[in-house]
Every structure is written in C-alpha cells, then in structure tokens.
C-alpha cells in the first residue's frame with residue numbers, strides 16, 4: 001500500500017519541508033509515502049472563490065490514483081485517537097488499495113473532493129494552518145505505523 005498526501009499549496013516554509021521530509025524518510029519501503037502539491041488558485045478581493053475551489057478540487061482528484069481510497073482531512077470528519085488511527089492503517093493495508101489523503105486550501109475542500117471521499121478524518125476541532133497539517137499527518141501516520149509494527153517510536 002502506498003500513502004499519498006494531496007495538498008493545495010506549493011510554496012511551504014522551510015520548517016514545513018524539513019518536518020514533513022523527516023517523517024517521510026522514516027516510512028518503510030513497503031509503505032511509501034509521497035506528496036502531490038496542487039497549485040493554489042489566485043485569491044484577490046474579486047476572486048471567484050467557488051470557481052477556485054472547483055479548480056483545486058479537479059486538480060486534486062486528477063492527482064489521485066484511479067482506485068485509491070480517498071480520505072479528506074476536514075474539521076467535521078471523524079477524530080481518531082492514535083490507537084484508532086493504527087487500526088485504520090491496518091484496515092487500509094488489508095483493503096489492498098493505495099490511500100490518498102486530501103488537504104484543501106484556505107477555504108477548505110471542494111465539494112467534489114468531499115463527495116469522492118470514502119472517509120473524512122478530523123485532526124482537531126481547531127482550524128489549523130494547512131502547512132502545519134502536512135507535518136501533523138505525516139507524524140501521526142508514522143506513529144500509527146510504529147504501533148502496528150511494535151516499533152519503539154510510540155510509547156503509551
């Protein structure tokens with residue numbers, strides 16, 4: 001199974017790149033984790049936000065593999081504690097499909113992305129900066145993997 005993070009935004013601060021890559025490199029070869037960055041639509045005071053969201057959504061869904069399980073990251077999604085995320089990861093592996101996790105832009109996810117999702121995951125009831133979400137998702141998935149393999153990274 002391959003994990004894919006599909007995120008709106010291409011110019012992340014160095015600390016985001018450093019943090020994300022740190023966890024990315026820790027994943028084992030049998031569970032590769034990749035990032036697909038989607039250019040954010042131009043936002044200005046006269047921007048058509050609905051159209052921008054639609055375009056970002058089209059690009060996000062185009063980046064997802066044909067049979068991938070789509071999981072959106074969204075505040076109203078299901079919150080998973082770390083052991084629950086580890087169980088999810090095991091279920092995803094047993095399913096046999098690759099998993100694409102979608103992070104929207106400043107206005108969130110396009111309705112088409114939400115409609116295509118099989119699951120929606122809420123990291124927190126807080127609104128988080130989207131660059132930070134990349135690092136949190138990578139760390140959370142690495143921690144979940146460590147639980148499923150009895151790796152010493154996670155401690156109770």
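Just so it is clear, glycine is given a Cβ too, placed from its N, Cα and C backbone atoms.
The S-adenosyl-L-methionine site in Swiss-Prot is built from 73, 123, 124, 125, 126, 127, 128 plus one of 41, 44, 96, 104, namely 104. When the neighbouring Cβ atoms lying within 10 Å are counted for each of the binding-site residues (123, 128), the highest count belongs to 123. Across the residues annotated as binding S-adenosyl-L-methionine (73, 104, 123, 124, 125, 126, 127, 128), the two Cα atoms farthest apart lie 16 Å from each other.
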